[in-house]
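I have placed the structure first, in the form of structure tokens, so that the comments after it can refer back to it.
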Amino acid sequence: ECRYLFGGCKTTADCCKHLGCKFRDKYCAWDFTFS
């Protein structure tokens, strides 16, 4: 199960598609991709 926007994360793999882990803040943020 992936983490949605602003969900807690340890790595980008924790986040849903088009989201990447912001390591400093430890949450998933949009990675600026669409496809």
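Please read every residue number as a count from 1 along the shown chain.
A Cβ is built for glycine as well, from the same backbone N, Cα and C atoms used for every other residue.
Because the structure is a prediction, the values reported are computed rather than measured.
As recorded in Swiss-Prot:
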DISULFID  Cys2-Cys16  disulfide bond
SITE      Arg3  site 'May be involved in interaction with voltage sensor'
DISULFID  Cys9-Cys21  disulfide bond
DISULFID  Cys15-Cys28  disulfide bond
SITE      Lys22  site 'May be involved in interaction with voltage sensor'
SITE      Trp30  site 'Involved in active face'
*If you skip the near sequence neighbours and keep only those at least six away, which residues in the chain come within under 8 angstroms of Arg3 (site 'May be involved in interaction with voltage sensor'), Cβ to Cβ?*
Cys9, Asp14, Cys15, Cys16, Leu19, Cys28
*Among Cys2, Cys9, Cys15, Cys21, Cys28, the one of these disulfide-bonded residues whose Cβ has the fewest neighbouring Cβ atoms within 10 Å*: Cys2
*Spatial neighbours of Lys22 (site 'May be involved in interaction with voltage sensor') that are distant in sequence (at least 6 apart) but have CB under 8 A*: Cys9, Cys28, Ala29
*According to DSSP, which kind of secondary structure is Cys16 (disulfide bond) found in, if we only use helix, strand and coil?*
coil
*Once near-sequence residues are set aside, which residues in the chain of Trp30 (site 'Involved in active face'), 6 or more away, have Cβ atoms under 8 Å from its Cβ?*
Leu5, His18, Leu19, Gly20
*Give the distance between the Cα atoms of Cys2 (disulfide bond) and Cys21 (disulfide bond), rounded to the nearest whole Å.*
11
